[in-house]
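Summarising the annotation, Swiss-Prot assigns ATP binding site to LYS13, LEU14, SER15, GLY16, GLY56, ARG60, THR163, PHE169, ASP172. Summarising the annotation, Swiss-Prot assigns UMP binding site to GLY55, ASP75, ILE136, GLY137, ASN138, PRO139, PHE140, PHE141, THR142, THR143.
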Amino acid sequence: MTIKPIYQRILLKLSGEALQGKNNFGIDTNALNRIVQEIKELIKFKINIGIVIGGGNLFRGTLLAHLGIQRVVCDHMGMLATVINSLAIRNTMLHININANILSAIPLDGICELYNLDKAIDLLEKNIVVIFAAGIGNPFFTTDSAACLRGLEIGADVVLKATKVDGVFSADPKIDPDAILYDQLNYKDILKQELKIMDLTALTLAHDNHLPIRVFNINKPGALWRVVMGKKEGTLIYTPKINKVNYNI
């Protein structure tokens, strides 16, 4: 049986920590190369790929905020950290012949282009990976919110939230060995159980616009491919309008 992807256009949300690998700070080239290779496997299936990357591997605004630096300034610094990560991802992609472009929410002439929706759609339709940098360009909004916003703007079928855990659990599995890994959840379940997956702004944006989110472990080799091919992987978050997934097992 020929395996076909269940999504044709995705928004991949990578945390900055995903690029850390086993390090405590910065970019682990082994982790970066592995993630990019997995993305390349999807390109073979002509899947349109947009990426939003966090900056937590380089900068944590909450730490400086406690030292008295203004929140707005901290958020601006965080935006620049996402640009650094975006440059690293694109450069790695170009080395293995993946055509990719960076569109930044803030002007950075000479470094990357300014975000423009028409430009983004045009690139995606040409099977060029689009990396969305600098969040949404405004303070007080997380990169998770940016991922949901960009996902909606480009008409993504799903937001794939790549994390360091296998999906959404009923409790912290590091603390509670009996924690249950959920296969699928609707947004109301998440709010009712106060599960910490994304900030409320991001979740509300996705919920109100019927945008499904799948949470999975990017550190598991092949997990990204399995998610896109409809294999049982991670946790799907959906609204009642979205049918639950029938897996290609």
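Sequential numbering from 1, following the chain as shown.
Including glycine, each Cβ sits where the backbone N, Cα and C put it.
Across the residues annotated as binding UMP (GLY55, ASP75, ILE136, GLY137, ASN138, PRO139, PHE140, PHE141, THR142, THR143), the widest Cα-Cα separation comes to 15 Å. Spanning the listed ATP site, residues LYS13, LEU14, SER15, GLY16, GLY56, ARG60, THR163, PHE169, ASP172 have a farthest Cα to Cα distance of 25 Å.
In this structure the alpha carbons, written CA, of THR163 (ATP binding site) and PHE140 (UMP binding site) are 22 Å apart. Cβ neighbours within 10 Å of ASN138 (UMP binding site), excluding its own Cβ and spanning all shown chains: 15. Classification of PHE140 (UMP binding site) by DSSP places it in coil, neither helical nor stranded. Cβ-based neighbour count (10 Å, all protein chains) for SER15 (ATP binding site) stands at 21. Checked against GLY55 (UMP binding site) by C-alpha proximity, the binding-site residues LYS13, SER15, ASP172 yield SER15 as the nearest. Here the candidates are the binding-site residues ILE136, PHE140, THR142, and by Cα distance the one nearest SER15 (ATP binding site) turns out to be THR142.
Looking at ILE136 (UMP binding site) and GLY56 (ATP binding site), their Cα atoms lie 16 Å from each other. Between the binding-site residues GLY55, GLY56, the minimum number of other C-beta atoms within 10 Å of a residue's C-beta occurs at GLY56.
Distance from the CA of GLY56 (ATP binding site) to the CA of THR142 (UMP binding site) is 11 Å.
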